[in-house]
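Data block below; observations after.
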Amino acid sequence: MNIKDYHIILASNSPRRRELLRGLDLAFDVRVLPDIAENFPETIEPKDVAEYISKVKANAYLDTITEKELVLTADTVVIIDREILGKPHDAEQAKAMLHKISGRKHQVVTGVCLTTKERQHSFSVSTDVTFKELSDAEINYYVETYEPFDKAGAYGIQEWIGYVGVTSLEGSYFNVMGLPVQRIWTELNKF
């Protein structure tokens with residue numbers, strides 16, 4: 001496949017994903033279908049959830065794309081102690097998530113699915129992130145100021161909390177932001 005033969009559709013409301021994909025200098029449009037259920041079987045391994053959900057999202061687009069369109073879907077989860085931390089519903093849940101990852105290492109896994117009418121390819125990328133011990137004041141300030149309710153694990157590494165809290169990172173920084181762009185570039189060119 002020659003990527004130039006396809007029009008890329010980013011299936012995401014995330015402004016961070018739009019910004020990251022734009023950085024690859026690829027032409028794309030954003031198309032978002034409403035109400036795609038992001039459920040997964042309880043038996044699935046936590047590290048496989050993001051890729052599973054990215055495929056569920058991609059399959060929802062199959063009837064909406066043309067022969068010359070390629071849909072890119074993604075899902076990001078934070079995993080600590082085999083528990084998946086998704087997007088917090090409110091300030092209390094966000095604070096609880098930040099307390100849980102405070103002073104510890106966790107994994108950020110982004111699953112990506114590339115889909116055309118003829119084929120589908122999915123993969124996931126994992127990054128280890130370690131936070132310093134965060135104070136209650138730091139957690140409260142971040143949640144009240146940045147309202148991280150649209151972010152897995154209740155934080156954006158590119159925001160204040162990443163500047164003051166992250167002590168180490170093993171893997172892709174952009175993956176933690178929500179899109180492993182280097183791997184996407186590689187996979188698009190192999191697709």
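Note that Cβ sites are derived from N, Cα and C of the backbone, with glycine treated the same way.
Since the structure is predicted, the reported quantities are computational estimates derived from the model, not experimental observations.
For Arg16, Thr76, Gln158, the entry in TrEMBL reads site 'Important for substrate specificity'. Among the features that TrEMBL reports, active site, proton acceptor is placed at Asp75.
Positions of the features from TrEMBL, shown on the structure.
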residue: Arg16; record: site 'Important for substrate specificity'; Cβ within 10 Å: 18
residue: Asp75; record: active site, proton acceptor; Cβ within 10 Å: 25
residue: Thr76; record: site 'Important for substrate specificity'; Cβ within 10 Å: 29
residue: Gln158; record: site 'Important for substrate specificity'; Cβ within 10 Å: 15
**Asked** In whole Å, how far is Arg16 (site 'Important for substrate specificity') from Gln158 (site 'Important for substrate specificity') when you measure between their Cα atoms?
**Response** 10
**Asked** In Å, rounded, how far does the Cα of Thr76 (site 'Important for substrate specificity') sit from the Cα of Arg16 (site 'Important for substrate specificity')?
**Response** 12
**Asked** Which of the three DSSP-derived classes (helix, strand, coil) applies to Arg16 (site 'Important for substrate specificity')?
**Response** helix
**Asked** Rounded to the nearest angstrom, how far is the Cα of Arg16 (site 'Important for substrate specificity') from the Cα of the residue listed as 'active site, proton acceptor'?
**Response** 12
